[in-house]
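K.L.:
So TrEMBL lists these for the protein:
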type: DOMAIN; residues: 37-392; note: domain 'Major facilitator superfamily (MFS) profile'
type: TRANSMEM; residues: 33-61; note: transmembrane segment
type: TRANSMEM; residues: 73-95; note: transmembrane segment
type: TRANSMEM; residues: 102-122; note: transmembrane segment
type: TRANSMEM; residues: 128-148; note: transmembrane segment
type: TRANSMEM; residues: 160-178; note: transmembrane segment
type: TRANSMEM; residues: 190-213; note: transmembrane segment
type: TRANSMEM; residues: 324-348; note: transmembrane segment
Amino acid sequence: MAGSGHENGAISIRPADNLAVFEVSKKPKKNKFALGCAMLASLTSMLLGYDIGVMSGAIIFIKKDLKINDVQIEILVGVLNLYCLVGSIVAGNIADWIGRRYTIVLANVIIFVGSLFMGFSVNYAFLMVGRFIAGIGVGFAIMGAVLYNAEISPASSRGFLTSFPEVCINVGILLGYVSNYAFSKLPTRIGWRLMLGAGATPSIFLVFAVLAMPESPRWLVMQGKLGEAKVVLEKTLDTKEEAQLRLNDIKEAAGIPQDSTGDVVVVQKRNQLKRAFFAIGMGPIAGIYTSKIFPLKLLAQGISLGVAVNRVTSGIISMTFLSLYQAITIGGAFFLFAGIAAVGWLFFNICLPETRGKTLEETERLFGNLVGWREVDKKMKEDNTKGATHGQ
C-alpha cells in the first residue's frame with residue numbers, strides 16, 4: 001500500500017493520517033453541563049409559546065362565555081406582546097441587580113401568578129389583569145433566557161445554545177394546541193379557564209429547576225465573585241484554557257485587574273459619581289422646592305403632583321434606557337441626558353425664583369410671572385429695605 005510500510009510487524013501511519021487523528025481528537029465535544037443549563041433556562045420561554053397556542057383556541061370559548069366582542073378579543077390576544085415588551089425592558093435592570101438566574105426564577109413566579117389570575121377570571125377585566133401579569137413575566141423569561149444562554153455557552157456552541165429559547169417557544173405552541181384539544185370537551189365556563197390556568201403548572205417545576213443552575217459567570221464577575229465565576233466557566237466551557245481566557249476578558253470589561261484571583265469589591269465609578277452629584281443636587285432639592293412654592297391649601301395636592309411626575313419620569317427612563325442605548329450607544333444616551341440636564345439648568349435659572357428666606361405670600365407673588373420674577377424679587381427687596389429703614 002502506498003505510503004505505508006511493514007517493518008518488524010509494525011504498521012507505519014502516513015503523516016496525513018496522523019494529522020486527521022490529531023484533528024479529530026482536538027475537536028471539542030458538546031459540553032453537557034452547559035447544554036443542560038441552557039435547556040433549563042430556555043424552558044421558561046416555552047410558556048410564551050403555550051400562551052400563543054392555547055389562546056388561539058381558548059378565545060372561541062372566552063367569547064361565548066364572557067359575551068365579549070371582536071375588538072375585545074383582539075385586544076386580549078395582542079396585548080400580551082406589549083406587556084412582554086415592558087417586561088423585557090424592565091428585566092434588563094433586574095438581571096443586573098439580582099442576577100440572571102434569579103431573574104428567570106422571578107419570571108416563573110410572575111407567570112405562575114398571571115396564569116392563576118387568568119384561570120380564575122370571572123370577567124373580562126379580571127382576565128386582562130391576568131394577561132398583564134403573565135405578559136410581564138414572559139418578558140422577563142425571554143430576556144433572561146437569551147442573556148443567560150449567551151453568557152453560559154462555550155464559543156463552539158453559542159449559536160446552538162442561544163437558539164433554544166426560540167425552539168422552546170414552538171414547543172410551547174404545540175402544547176397549547178394539545179391543551180385546547182384536551183379541555184375542549186369540558187363545559188365552556190370550565191374548559192377555557194383550565195386551558196389558561198394550566199400554564200401555571202410548569203412554572204412551579206421550573207422555579208426549583210432553575211435554582212439548581214449556576215449563576216452566569218459574567219454577572220458573578222460584575223459582583224466581584226471571581227472564584228465562583230472561574231468554577232462556573234471551567235464547568236461550562238470546553239477547556240480550562242478557554243475558561244481562563246474568558247475570565248480575563250470579562251475582568252477586563254469589568255475594570256478588574258488581571259492579577260486579581262479572589263473575590264474583590266467592584267465599584268461602578270460612573271454610577272457612584274452620578275449618584276453623588278444627584279444626592280447633593282436634584283435628589284433632595286426637588287422635594288424641598290416643591291414643598292415651598294405652593295400655598296397651604298394646595299400644598300398636599302402640589303406635592304402629590306410633583307411626586308407623581310417624578311415617578312412617571314423615572315419609570316420612563318428606566319423602561320427605555322436599554323432600548324435607548326442600543327439605538328444610540330451608551331455614550332450617546334448619556335450625552336442625551338447631559339443635554340436634557342443643560343436645558344433643565346437654563347429653565348431653572350431663568351424661570352424658577354429663589355425661595356430662601358421668603359414667606360409663602362412672597363413666593364406666590366414671585367410665581368405670578370414666568371420670567372419676570374427677578375424684577376418682582378428686586379422690588380420686594382427694596383420694599384423690605386425701606387420698611388426696615390422706616391422701622392428704625
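In case you wondered, yes, glycine gets a Cβ from its N, Cα and C as well.
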K.L.:
Could you name the stretch, out of 102-122, 160-178, 190-213, 324-348, with the greatest number of CB pairs under 8 A to the transmembrane segment (73-95)?
P.N.:
102-122
K.L.:
Between the stretches 33-61, 128-148, 190-213, 324-348, which one has more Cβ pairs under 8 Å with the transmembrane segment (160-178) than any other?
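P.N.:
By the under-8 Å Cβ criterion, the transmembrane segment (160-178) pairs most with 33-61.
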K.L.:
Would you say the transmembrane segment (128-148) and the transmembrane segment (33-61) are in contact under the rule of three or more C-beta pairs closer than 8 Å, pairs 6 or more apart in sequence?
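P.N.:
Per Cβ check, the transmembrane segment (33-61) touches the transmembrane segment (128-148).
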K.L.:
Taking a Cβ cut-off under 8 Å, which residues six or more beyond the ends of the transmembrane segment (324-348) line up next to it in the same chain?
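P.N.:
Non-local partners: none at all.
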K.L.:
Looking only at residues six or more beyond either end of the transmembrane segment (102-122), which have a C-beta under 8 A from one in the stretch?
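P.N.:
Long-range Cβ neighbours of the transmembrane segment (102-122): 41, 44, 47, 87, 91, 94-95, 129-138, 140-141, 143-145, 148, 193-194, 196-200, 203-204, 206-207, 210-211.
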